[in-house]
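One structure is given below, encoded as structure tokens.
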Amino acid sequence: MIVAHNLGFPRIGGQRELKWALESYWKEQLGQQELIQVTRELRALHWKQQQEAGLDLVPVGDFSWYDQVLDMSALLGVVPPRFGEIQDEVDLDTYFCMARGRAPGKKEVAACEMTKWFNTNYHYIVPEFQPQQAFRLASSTLFNQVAEAQALDFPIKPVLLGPLSFLWLGKSKGSTFDKLSLLDALLPVYGQVLHRLKTQGVEWVQIDEPILVLDLPPDWKAAFERAYSSLVNGGPKRLLATYFGALGDNTRLACQLPVEGLHIDLVSAPEQLAKVLDEFPSYKILSAGLVDGRNIWRNDLEASLAQLEALRERLDDRLWIAPSCSLLHSPMDLALESALDEELKSWLAFAVQKIEEVATLKRALVEGRDVVAQALADSAAAQASRRQSERIYRPEIRARMTEVNEDMTRRRHKYPVRAQVQREELKLPLYPTTTIGSFPQTPDIRKARRDFKAGRIAEPEYRRQMEAEIARAIQAQESYGLDVLVHGEAERNDMVEYFGEQLEGFAFTQNGWVQSYGSRCVKPPIIYGDVVRRQPMTVAWLRYAQSLTSRRVKGMLTGPVTLLQWSFVRDDQPRADTCLQLALVLRDEVRDLEQADIKLIQVDEPAFREGLPLRRVEWESYLAWAVRCFRVASSGVEDGTQIHTHMCYSEFNDIIHAIAALDADVITIETSRSDGELLAAFAAFEYPNEIGPGVYDIHSPVVPTEAQIVGLIKKAAEYIPAERLWVNPDCGLKTRAWPEVETALRTMVAAAHGLRSA
């Protein structure tokens, strides 16, 4: 039977109900039972939405309190010893403590590391494996959710992260050892999970093995056959799910594994289909991921249907239809958007619409095109409208792109010359202290922004309130003793949305939220057309901030690669072309800041690494245009203007040459959660410019001690000469509260002062 299904659904709710419930619980304003009830109601609603849209199977286990990888750590009993001994099951507060470093009723402890989920803007909590790691069933959450869905009579397909991907995504702690050596101990527990699902009456289980789209070492490839052969008996039928890219040289391996079904991503890698079909066995089900799970563009139903009709000829009823990946990366429901203009809205589809597209494709295939004729006609009209719209292409932007030359990608002189000029002009001390940019977004700030957008206060009053917040941030930083100040970004709701709102070619949603990590949600803008800057975007705020202090204030911009990566990007031209348009816009803004006497300008690129293709063979091309775009944005200034950049959550030891090629005068990086591991890159590669390794983890409310910060700086000094070291947090302080910010920054400044006088 041809089946319409889904790999995963957004968790947060149409009105971010999960976010508000979690944060109330963490503040002890909501009890645990009330939190559990909120999440139970959300799950039931989401299952109902998917079933009513026409799906034959709805996912269970895709919902998470915080993160699906952390869920697997809890399920399998992978709890680091510092969180205490787990007697029976991992309780909810231990779970939150692993993610955040604190939870109601728990003492503060270092949180587990957090990093990017493949090449997305979602973050997962990294499993920590000990050399003699024991595994056992330590959570009933998945089984309870299965029972919930069954009690409501939903047709279900539980979702698990596969054993090889779970090990691959974790880190060895303690002594260095091969994570793969843990597989034999892990597999019996997976077997228990599958057996228990079988006893619950589950017919199909989805096992996600996204690492099959990566370059895998031979021993990991060999482990797949061993692992899945051991899981053949005693469980439900297994659908092996891959996404975010092509199987490539893992195609034969994936096709021949002893499982009953295979899901492939035909949006990010449509070219892989022919090779998969060549290797595909006659007994196996193929799930075709034809609806884009990561972007917001409406599906071309005619094109997808033509592909499915050809597949049905080959596979008959062994064909399933699905989004390309989990809809975790998509906003919830386009119906919640009332402010988008109708033309643009007709080009879009969010999670609810995407499952409707999946169901429509299945109905067309099974019942005939006539049954869904209106849906097909609407889809065709939307495709034609988008191709023909005059709002997408701007001739003057196309002309400027052709004028970009190599001189526009180079500073006037190399770093050693620039550094001497900057030392003379900026007169900064050894171990200069600064922050990454944002300060706490208080309820008053958020209210002022809401009131201004809603028209409840006029622009002069809004500006007065924002200037008061800027003054507060400047005064606070002066009192802490920081050397280079920032204006605090009170006027910015989001580091991408703020800029996009001032650029033509961008559109914005009211409720297009997607989960970044835990309760943290982002609302990516939509880049639908050529990008144009109407006027300076940050100059007035920075000029005001600089007028309040004799110390230097850093300008703060979001870089072209990050603007690209953290937006929903048009798919009608190469991403490199869109990035160049963004770089040209930022080049103009950087020069305007310099003209306004802002002599330190930070161009943030926290998403630089996440743009990397998953296959290494494709890295060179990406890095070439990403570096070029950054340099176009940042190279139009005088030697005395110091260009900073910032990267967070980045493991970029293997792209350190590209990082150096950015030629930023100063780079600040995240190192605190990973115990400074990132600095090992500098043992083999002497980074030529200045660097600020983050000395405390802003994502955890735990404040470090002065001794801890001194230790991190001393460790950094083993790789970087002291005269090229900066002292800073590892990320912006937007999500923190002022009391903890004050304590942490005073401690950080004290550590720097102590080292100067040592």
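Placed from the backbone N, Cα and C atoms, the Cβ positions cover glycine too.
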Query - I436, G437, S438, E489 bind L-homocysteine per Swiss-Prot; candidate in D317, D597, D604 listed for that same site - result: D604
Query raised in the report: Among E620, E670, E706, E718, which residue does Swiss-Prot annotate as binding Zn(2+) together with H646, C648, C731?
Result: E670
Report summary line: Among K107, K116, K427, Swiss-Prot assigns to the 5-methyltetrahydropteroyltri-L-glutamate site of R16, E17, L18, K19, R520, C521, W566, E610 just K116
Query raised in the report: Which of the binding-site residues K116, H646, C648, C731 has its Cα closest in space to the Cα of S438 (L-methionine binding site)?
Result: C731
**Report entry** Entries of K116, I436, D604 which, being binding-site residues, have CA atoms within 10 angstroms of H646 (Zn(2+) binding site)
**Finding:** I436, D604
Query raised in the report: What kind of secondary structure is K116 (5-methyltetrahydropteroyltri-L-glutamate binding site) part of, going by DSSP in three states?
Result: strand
Requested in this report: May I ask you to report the DSSP-based helix, strand or coil state of E610 (5-methyltetrahydropteroyltri-L-glutamate binding site)?
Outcome: helix
Report summary line: Other than I436, G437, S438, E489, D604, the chain contributes near L-homocysteine (Cβ within 8 Å of their centroid) the residues T435, V486, M495, M556, Q602, H646, G732, K734
Query raised in the report: Which number gives the other C-beta atoms within 10 angstroms of the C-beta of E610 (5-methyltetrahydropteroyltri-L-glutamate binding site), all protein chains shown included?
Result: 20
Report summary line: S438 (L-methionine binding site) -> DSSP, reduced to three states, gives strand
Query raised in the report: Tell me, which recorded positions from R16, K116, I436, G437, H699 are within 10 Å of C731 (Zn(2+) binding site) if we use the C-alpha atoms?
Result: I436, G437, H699
Report summary line: Fewest C-beta neighbours within 10 angstroms among the binding-site residues L18, C521 belongs to C521
